[in-house]
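Written out below as structure tokens is the structure these notes cover.
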Amino acid sequence: MSRFLICSFALVLLYPAGIDMYLVGLPRIAADLNASEAQLHIAFSVYLAGMAAAMLFAGKVADRSGRKPVAIPGAALFIIASVFCSLAETSALFLAGRFLQGLGAGCCYVVAFAILRDTLDDRRRAKVLSLLNGITCIIPVLAPVLGHLIMLNFPWQSLFWTMAIMGVAVLMLSLFILKETRPAAPAASDKPRENSESLLNRFFLSRVVITTLSVSVILTFVNTSPVLLMEIMGFERGEYATIMALTAGVSMTVSFSTPFALGIFKPRTLMITSQVLFLAAGITLAVSPSHAVSLFGITLICAGFSVGFGVAMSQALGPFSLRAGVASSTLGIAQVCGSSLWIWLAAVVGIGAWNMLIGILIACSIVSLLLIMFVAPGRPVAAHEEIHHHA
């Protein structure tokens, strides 16, 4: 079992590493490529677009051909794209490399969640996804620090060579450690069960909405945090970095505590707690009389996301044994596209950073609480009872 957990964690971590590690080198990258930092900030959106594009096909291929045939090319593409970025001499080539990086990371991301669905029951999967969420929270803190240390002695290209090395590690794990987990092709008697795993299942759609809104909350916070903390609240750059590190610490602590909480409370209780924390955060930020109270509201955001997201993802994947890859892809596409659409629309309409965050917090909490309370899970899927995997 440990081999599946290690491989899944490694596959997922390419995604945040690809986002956060290069940011520290952005000024030098812009200077070398004769582009402005503003022009290269689009590299974040291009990377996410690559991930979304990969998710359009990766899930279906993973369900038809297996998890390894998607993970191995995905890791290989991430390696090639990282090297391509390091060799880019124009901003256009750099952005093309970032898109390819996103494609590779997206393939690996989809496979990771499908593997966890294949190998873990509902309760254990919720615990593992909560732990995975905590580990993922470490990357936005450690990756820029690692990038800074690398750039003390090496050029910005070394950041992408480091990502390539990470990709090589994931590729080796996928080739030699990971075993295929895709359920065997269903017999004729299992066809009704396969056909019943519809993506239009009300329970699944409700969890897609909940997780998409939750990701929109956390990405809105990350996207607006420089404006909120430095421009509006007046913190210096060093203080901003400290605050973000502390919020990551809150996220990690809550994420690592959630598996223990699942041994005491029902998953539904933790999901309700998550949304109540979001609502409390929105109200706190809306009426905050001081910076201290606002910072408390921000910690509620991090705690709310960490306590509920892994549980919601586990519930979303629960109904799917034979179509776990497609379900994972659907979740990923909805989360990436939904959160990006919200941030883009809010910017186009001219909603300020503060109101953007408050608005998504309150909307997420109200909609999600209604869905949690009124959309009950269907008949438990028996698919995890005995799954015969390909060797």
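From the backbone N, Cα and C atoms, a Cβ is placed for every residue, glycine too.
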His41 vs Pro377, membrane side identical per Swiss-Prot: no
Cβ contacts the transmembrane segment (356-376)/the transmembrane segment (42-62), at least three under 8 Å, sequence gap 6 or more: no
Mean predicted confidence [pLDDT] for the topological domain 'Cytoplasmic' (114-133): 91
For the topological domain 'Periplasmic' (223-244), sequence-distant contacts whose Cβ falls under 8 Å of one of its Cβ atoms, 6 or more beyond its ends: 140-141, 291, 294-295, 298, 343, 353-354, 356-357
Most Cβ pairs under 8 Å with the transmembrane segment (293-313), selected from 4-24, 69-89, 245-265, 331-351: 245-265
Paired segments the transmembrane segment (93-113) and the transmembrane segment (134-154) in contact, 3+ CB pairs under 8 A: no
The transmembrane segment (331-351) vs the transmembrane segment (42-62): 3 or more CB pairs under 8 Å: yes
Contact ranking winner - 4-24, 203-222, 245-265, 269-289 against the transmembrane segment (42-62), Cβ under 8 Å: 4-24
